[in-house]
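Student: Pulled these from TrEMBL:
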type     : residues  : note
TRANSMEM : B:12-40   : transmembrane segment
TRANSMEM : B:52-71   : transmembrane segment
TRANSMEM : B:77-97   : transmembrane segment
TRANSMEM : B:158-178 : transmembrane segment
TRANSMEM : B:210-229 : transmembrane segment
TRANSMEM : B:241-263 : transmembrane segment
TRANSMEM : B:275-296 : transmembrane segment
Amino acid sequence: MTDFSKPTMPGMSRRAVLAGGAALTASLFAPRGLRAQDFPTAAVNTTGLAVTDSTVTIGILHSVTGTMAISETGSVQAEKLAIEQINAMGGVLGRKIQFIQEDGASDWPTFAEKARKLLVNDKVASVMGCWTSASRKAVLPVFEQHNGMLYYPTFYEGLEQSPNVIYTGQEATQQIIAGLDWVNQTKGAKSFYLLGSDYIWPRTSNKIARKHIENFMEGCEVVGEEYYPLGHTQFNSVINKIKLRKPDVIYAIVVGGSNVAFYKQLKAAGIDPTKESPIVLTISVTEDEIRGIGGENVEGSYACMKYFQSLDNPNNIAFVDAFKKMWGADMVIGDVTQAAYLGPWLWKAAVEKAGSFDIDKVREASPGIELPTAPEGYVKIHENHHLWSKTRVGRARADGQYDVVFETADLVEPDPFPEGYQ
Amino acid sequence: MFAGYSAGELTAIFAMQGFAGLILFSVFVLMALGLAIIFGQMGVINMAHGEFMILGAYVTYLVSNAFATHLPDLFSIYFFVAMVLAFLASGALGMLVEWGLIRHLYRRPLDTLLATWGLSLILQQIYRSVFGAREVGVTIPNWMMGSLPLTDMIEVPINGLFVMVLAVGISVSIYALMFRSRWGQQVRAINQNRVMAGAVGINTERTDRLTFGIGCGIAGVAGSAFTMIGSTGPTSGQLYIVDTFLVVVFGGAGSLLGTIASAFTISQAQSVLEFFLSGSMAKVITLLVVVGILMLRPQGLFALKLRK
């Protein structure tokens, strides 16, 4: 890992030399290129993957049509940016990355079919893809059967650990526990109303939240827990219930179009998040979602995740610059977009550590891979294929960005099968 | 559930819950009126109804942007302009669709289902290409946000009141149009007997086109109003379509009064159940009851007695 131990600041001085914005962040990452002739194809690719003397092909598998396109577009953009930057600095083992992009079309069987196509027909060396847990569960058997490698970017419910997946987002305990402790300790919150859309991620997350509140937080209680069907647009009844119970915190894990309806109606009903009574705490609203909800409706609510676009560190500033240069100045970057950006970099680091594109060797090399140059700050792959990462709390501003008000002192260990929380 | 609350608090909550039910009722009425006209009076199953609503929402988005940049002084009233333009845009698109697609399918109601479903997919993809896959944020004037405190504890959302007033206004206009205007008379005549209506000199083609246009236009107004309470994205129309059909079918196709009665029943049931049970259970029970009643009364709550 000598490539990555290079300090960041000297890299910054190359800014003047490198004109392209894409190359700018790239300069922060492992600036020393490896030459392809030092790694003969026959030696680095013993299993017939799509690797030539000058290129290596990977897959991108997200929904660019259908209802999930809203969320997955950012991930595709981040992955393409990372690939472009890696190529600008010489590629992986001296080989340029080419990618084949497939559309999962927001349909889980389509995801499985396209994953099979990428692995069996295209023989891609790795796949950056999926967003919802449902799509990940659909492709999982395909990746395990054909021994592929998936880099999955979304924060999710945990309870999974596959040898064929690297989870670059946070699992539920990483995201939830620090936020609950923070709101309890700094705001003195004691009572919580849990609310969510009715599917696996909000339900599992709220289960963990409830266990933590009841078993690990002194004198705290859950005063309500509720789920609404995906796409539900009428929240007036539950808002009345919340007013009746008077919780200190509304813990909301509402997603998609429902999110927009929920925040608009919450504000219309006189619960203004800026007044912080009750405090609105969420793990499902990134900068991406705020664009649809409207900053004025979300302002003052708190989000708990690992990345915010407003993070003030040189890696992130360069990343945001490069992203906007590539995709437009009005782009916003949410937690998952940043996690998707890590995928190609983590894969590259693992391949170069292994000195091989072979899936088995990449898997073996993955635990312990460090990425000090990630926009969110230093991350490291755990034995369980999740990332060590910091958890942060941000307060939403009217302009749709977050002010970071808290971050954990240390990296939070990923724990996909938490004891005492099941 | 109510232990430890004072009578005053409970009264306040129930009053607000009553308003919540009425707001839901108004939302259902707005959603369903346009469809009731098209489905009830013309027998066309318009699966693209939600997309006509979202067209209205996007028009509102464009108008709000235009006012914000060019006429910031008048921003507080842009919503009324937006609703008129939404009506015109959705209505015009509706008449175009009627001319290009629907009129060829009047004798084949099931084919209209497939054709309009295809249309809904096409419209969704057009919205996605034009406005992007992400939802757009529609800025609502300040006076329409927030709540109106009636007492210390009872607060009524202003956007809810706005939707209620709009629902009443549109219902009254539709009633006047259907039963007091020449167009309404012609629509009812065609609905009862198309051939005979044509024979006595009613221009059935023109009436059909206008009817479809008005139905879609009302959908556009509804979509415009819903920017206050919901999301505006390419697929947002899908969020409303099931409830809309539920209300119209349960009310009895062909009866506007039935549509309103059905909207009232379903909204009250749902709102009360949501309060006492949970969101998902409320939906399950409401749907079960509707299915049960439709098994006993397949024609819906109110049905016109027609000689077929």
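Note that Cβ sites are derived from N, Cα and C of the backbone, with glycine treated the same way.
Where the annotation comes from TrEMBL, it is an automatic prediction and has not been curated.
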Student: Would the transmembrane segment (B:52-71) count as touching the transmembrane segment (B:241-263), i.e. at least 3 C-beta pairs under 8 angstroms with sequence separation of 6+?
Tutor: no
Student: Look over the recorded stretches B:12-40, B:77-97, B:158-178, B:210-229, B:275-296 and say which has the most C-beta pairs under 8 A to the transmembrane segment (B:52-71).
Tutor: B:77-97
Student: Using a Cβ cut-off of under 8 Å, list the residues of the same chain at least 6 residues beyond the transmembrane segment (B:77-97) that approach it.
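Tutor: Beyond its ends, the transmembrane segment (B:77-97) has Cβ neighbours at 48, 52-53, 55-57, 59-60, 63-64, 67, 71, 119, 140-141, 144, 209-210, 212-221, 223-225.
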